[in-house]
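J.: Annotations for this protein, taken from TrEMBL, read as follows:
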{"type": "BINDING", "residues": "Tyr28, Ser29, Gly30, Gly31, Met32, Asp33, Ser34, Phe35, Thr36, Val37, Leu38", "note": "ATP binding site"}
{"type": "BINDING", "residues": "Cys205, Cys213, Cys216, Cys219", "note": "Zn(2+) binding site"}
Amino acid sequence: MSEHTPVSASNAVLSSSIPASRRAVVIYSGGMDSFTVLHKAIAQGFEVHALSFNYGQRHSRELESARKVCAQLGLSHKVVDIRAIHGLIDNSSLTNNDQALPTGDYDEGNMTSTVVPNRNMILLSLAIGYAVNIDAEHCFYGAHGGDHAIYPDCRPEFVEKMQDVARIANYTPVEVHAPYLTASKADILADGIAMGLDYADTWTCYLGEEAACGECGSCRERLAAFAAHGLTDPVPYRQSKG
Ligand SMILES: [Zn+2]
């Protein structure tokens with residue numbers, strides 16, 4: 001199988017007993033937000049088909065976490081390689097190794113260098129297409145309130161417009177769900193804890209090293225969420241950030 005062939009950990013074998021109204025595609029990066037969304041969709045009784053994208057992230061730690069979790073849960077999981085479009089959307093420090101990654105909190109202006117142009121519109125378009133293809137009427141993704149300041153395509157107005165478009169773009173209307181649209185990272189974690197989730201198999205750090213850096217915006221936001229609940233993050237950090 002070539003590097004550019006979409007890979008299925010387990011193929012989307014559809015059970016005919018499940019109606020389209022109970023089948024969902026979940027955009028699942030392997031990070032803690034989409035990990036929680038994945039479990040929320042399962043808890044709501046959906047037959048979940050996880051969809052991950054290799055868009056040329058600086059590292060594959062998140063995707064490895066996604067593969068492991070889907071295998072453990074026995075979920076249909078596709079990892080789609082969209083690196084072919086990299087030349088169109090590479091002006092971001094998240095996908096361009098020539099650009100230094102900013103450190104510091106999300107609300108600092110320098111984090112805008114981590115915006116991948118039009119990312120969620122591209123990913124949602126593909127996920128909605130996949131949903132139509134497998135006769136699923138639902139599509140979940142993990143936009144959350146903490147992303148609003150930096151990422152325009154995580155804001156409510158974007159999600160509302162995408163919901164409208166997904167209802168009319170195909171013969172089959174697809175409902176787009178962003179269950180944590182107005183939630184903070186700490187709120188998402190609280191919901192995951194209530195569902196009994198173990199966040200050891202999630203990866204958040206922008207760097208893909210053996211231990212998380214604890215310094216990038218993504219690590220800092222994650223650590224703050226655990227701290228808000230008086231919990232210790234189960235993933236290893238370079239230094240103890242408790
Ligand atoms: Zn980090």
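The backbone N, Cα and C atoms fix where each Cβ goes, glycine too.
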J.: I'd like to know which of the binding-site residues listed (Ser34, Leu38, Cys205, Cys219) lie near ligand 1, counting only a CB under 6 Å away.
T.: Cys205, Cys219
J.: Helix, strand or coil for Cys213 (Zn(2+) binding site)? Use DSSP.
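T.: SS state of Cys213 (Zn(2+) binding site) = coil.
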J.: Distance check, please: Cα of Cys216 (Zn(2+) binding site) against Cα of Tyr28 (ATP binding site), rounded to an integer number of angstrom.
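T.: Tyr28 (ATP binding site) has its Cα 21 Å from the Cα of Cys216 (Zn(2+) binding site).
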J.: In whole Å, how far is Cys205 (Zn(2+) binding site) from Tyr28 (ATP binding site) when you measure between their Cα atoms?
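T.: Rounded to a whole number, the Cα-Cα distance is 16 Å.
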J.: Suppose the Zn(2+) site is Cys205, Cys213, Cys216, Cys219. Which further residues of the same chain have a Cβ inside 8 angstroms of that site's Cβ centroid?
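T.: Apart from Cys205, Cys213, Cys216, Cys219, the close residues are Thr204, Tyr206, Leu207, Ala212, Gly214, Glu215, Gly217, Ser218, Arg220.
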J.: List only the single closest residue to Gly30 (ATP binding site), chosen from the binding-site residues Cys205, Cys213, Cys219 by CA-CA distance.
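T.: It is Cys205, whose Cα lies nearest.
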J.: Work through the binding-site residues one by one (Met32, Ser34, Thr36, Leu38) and name whichever has its CA nearest to the CA of Cys219 (Zn(2+) binding site).
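T.: It is Met32, whose Cα lies nearest.
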J.: Tally every other Cβ atom lying within 10 Å of the Cβ atom of Gly30 (ATP binding site).
T.: 26
J.: Within 8 Å of the centroid of the Cβ atoms of Tyr28, Ser29, Gly30, Gly31, Met32, Asp33, Ser34, Phe35, Thr36, Val37, Leu38, which other residues of that chain place their own Cβ, given that this set defines the recorded ATP site?
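T.: Here the nearby residues are Ala66, Gly142, Thr202.
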J.: Measuring Cα to Cα, how many Å separate Cys213 (Zn(2+) binding site) from Thr36 (ATP binding site)?
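T.: Distance between the two Cα atoms comes out at 22 Å.
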